[in-house]
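Undergrad: Straight out of TrEMBL:
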DOMAIN    A:10-204  domain 'Succinylglutamate desuccinylase/Aspartoacylase catalytic'
BINDING   A:H19, A:E22, A:H116  Zn(2+) binding site
ACT_SITE  A:E178  active site, proton donor/acceptor
DOMAIN    A:219-300  domain 'AstE/AspA barrel-sandwich hybrid'
2 protein chains.
Amino acid sequence: MSTVSLPALSRVAVCGGTHGNELSGVYLVRERLKKKQQQREGQESFSVTMVMGNPRAVQQCRRYTEADLNRCFTRATLNSPISDKTPYEIIRSQELNGLLGPKGSPKAMDLVCDLHNTTANMGLCFITFSDSDWISLHIYRHLQRELATIPVRYIHFDLPKNEAYSLESVGKHGFAMEIGPQPHGSVRSNVFVAMQEGIELMLEWIRLFNSGTHFEGGSVEVFTLVKNIDYPRDPETRSITAAIHPELQDRDFCLLHPGDPLFLSFSGETLRYKGKEPLYPFFVNECAYYETGIALSLASRRRVTIPSIQCNRDRLTMGTDV
Amino acid sequence: MSTVSLPALSRVAVCGGTHGNELSGVYLVRERLKKKQQQREGQESFSVTMVMGNPRAVQQCRRYTEADLNRCFTRATLNSPISDKTPYEIIRSQELNGLLGPKGSPKAMDLVCDLHNTTANMGLCFITFSDSDWISLHIYRHLQRELATIPVRYIHFDLPKNEAYSLESVGKHGFAMEIGPQPHGSVRSNVFVAMQEGIELMLEWIRLFNSGTHFEGGSVEVFTLVKNIDYPRDPETRSITAAIHPELQDRDFCLLHPGDPLFLSFSGETLRYKGKEPLYPFFVNECAYYETGIALSLASRRRVTIPSIQCNRDRLTMGTDV
């Protein structure tokens with residue numbers, strides 16, 4: 001396979017606090033904004049814009065105030081008219097689209113990385129709507145090779161770009177960087193440090209890429225969402241009647257076979273996985289998904305071939321708003 | 001030491017959802033209320049009243065709606081006048097005082113057990129305002145001996161009964177049963193099962209006590225709160241500037257020595273414990289205490305001698321409102 005030539009990444013955005021109670025990203029963004037005030041960064045081949053996604057939710061230490069901001073970046077919502085009754089998060093998504101997009105336009109950020117936490121034991125995950133974004137996949141492989149403290153995986157939500165609903169979809173390239181386990185509303189040093197290292201490795205890769213480094217192709221492991229499974233619920237009250245089984249809890253990305261324990265009901269009964277094929281669980285017992293009806297997600301695993309890539313240096317523009 | 005004779009425990013209350021996002025207690029109370037509808041319990045020597053402490057906060061899956069309910073049970077607050085502007089939780093504390101108290105009166109419940117969760121790695125803790133409530137201390141020793149899956153400890157907040165602010169202080173005897181780690185807003189099977197087992201062992205002990213069993217005296221380990229330590233904060237914004245150090249995280253009840261790492265700042269600096277004496281940390285990185293300025297609490301440890309006790313069976317009254 002021949003080398004794919006791609007334009008330099010001259011404008012990069014790192015966002016935190018898109019969910020206001022996922023604190024690693026909140027403190028990472030605050031810390032980097034503080035440092036930036038103290039010292040102008042040296043000569044970089046690209047600008048890095050730090051963004052607090054949902055400052056109102058951050059202030060209240062809640063996921064969102066009126067609507068989940070990270071579901072507001074579909075084309076339809078970004079183009080919807082604003083009235084007095086429009087939820088704050090829809091207004092904010094359109095602001096962010098102005099700052100980092102417009103989505104799908106040549107003016108959009110070259111790369112958007114949106115920082116998230118989960119209560120699930122997922123390590124560090126790239127989450128994207130594409131399995132052919134060579135930039136994201138090469139950065140993923142770089143982190144997977146270099147990050148020693150935490151496993152690194154790539155999750156693909158197979159939706160058309162039009163229906164992509166999350167913040168990073170505003171950039172030309174982009175991914176959510178999801179790290180856990182960490183309870184929402186708290187920060188654990190090991191998770192914070194892993195996020196800092198992940199961001200540093202991403203910036204290092206961009207530096208190498210922009211300077212003309214040739215990155216070899218190869219193949220990488222990708223998990224693709226197959227389906228979500230809800231908790232068993234009381235048919236009348238909709239209250240959950242079981243929790244994730246102790247044998248499944250914290251075992252994200254460990255293959256789940258038909259017949260394996262899935263839930264332990266509050267009355268003590270084990271409920272088993274009735275699917276026909278073994279699949280990989282993730283977002284196991286993610287706290288924020290109780291309200292959306294997801295006890296866990298299931299993925300298939302495959303290898304994706306990625307081409308060698310190199311920056312088309314002719315088109316390199318120096319970043320200006322460092 | 002001679003045997004202390006105490007009246008039977010004929011009216012017992014078990015409360016959950018006093019903090020609406022601490023879900024083990026919420027689901028335990030729901031489950032037991034459901035069972036009670038299905039079958040009348042057999043002949044017990046006592047009644048068990050199941051109570052959802054803060055149903056409005058439970059519905060919103062938040063700790064509280066307007067004020068922390070579990071700080072509203074001081075005599076002053078319980079006797080404060082109600083107006084249109086009184087926070088919901090103060091109204092609710094007075095309702096609960098009517099149902100389970102009145103605090104300090106002969107009509108109060110004989111025993112109140114209030115169920116809580118923490119994000120800290122604390123195992124199962126009894127938390128009380130007394131180190132001489134022989135009932136609570138004997139129940140504690142029973143759980144410590146019988147509960148195999150999780151460590152059991154006793155924490156004493158050394159405040160006068162008048163200033164005791166939490167729900168269980170409404171009963172003649174009482175304690176909070178605090179179990180973690182579990183992220184708020186989620187339920188982990190192992191924590192739920194430990195809470196169920198803890199409640200069953202407590203009820204078993206009451207059954208034995210009421211039937212006249214003689215419980216030997218002895219000595220038990222008690223942790224007494226010495227002080228709380230806040231996070232380092234930005235002097236202007238009050239935003240925290242460090243997280244619990246990885247070497248301290250999850251090490252509740254492991255002795256902290258002067259000079260041991262306490263925090264890791266977001267810029268990478270280790271901050272050390274500057275106290276003069278070694279103490280036992282607990283509530284390490286409890287999520288709900290970011291807003292109240294507690295990064296961890298520190299306790300001293302000692303042994304408390306408890307007398308032999310036996311029920312004064314003359315006074316035993318059969319429970320009626322099972």
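Placement of Cβ uses the backbone N, Cα and C atoms for every residue, glycine included.
Unlike curated entries, TrEMBL annotations are predicted automatically.
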Undergrad: Fewest other Cβ atoms within 10 Å: which of the recorded positions A:E22, A:E178 wins that one? Let me know.
TA: A:E178
Undergrad: At the Cα level, what's the spacing in Å between A:E178 (active site, proton donor/acceptor) and A:H116 (Zn(2+) binding site), rounded?
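TA: Cα-Cα distance, A:E178 (active site, proton donor/acceptor) to A:H116 (Zn(2+) binding site): 5 Å.
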Undergrad: Setting A:H19, A:E22, A:H116 aside, what same-chain residues sit with their Cβ within 8 Å of the center of the Cβ atoms that define the Zn(2+) site, listed in sequence order?
TA: A:G17, A:T18, A:N21, A:G25, A:R63, A:N70, A:L115, A:N117, A:T118, A:E178, A:H184
Undergrad: I'd like the Cβ neighbour count for A:H116 (Zn(2+) binding site), meaning other Cβ atoms within 10 Å of its Cβ, all protein chains included.
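TA: Other Cβ atoms found within 10 Å: 26.
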Undergrad: In terms of DSSP three-state secondary structure, what is the assignment for A:H116 (Zn(2+) binding site)?
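TA: DSSP call for A:H116 (Zn(2+) binding site): strand.
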Undergrad: Measuring CB to CB from A:H19 (Zn(2+) binding site), give everything in the same chain under 8 Å that is also at least six residues away in sequence.
TA: A:G53, A:N54, A:A57, A:R63, A:Y64, A:D68, A:L69, A:N70, A:H116, A:N117, A:H184, A:A288
Undergrad: In three-state terms from DSSP, label A:E22 (Zn(2+) binding site) for me.
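TA: DSSP call for A:E22 (Zn(2+) binding site): coil, neither helix nor strand.
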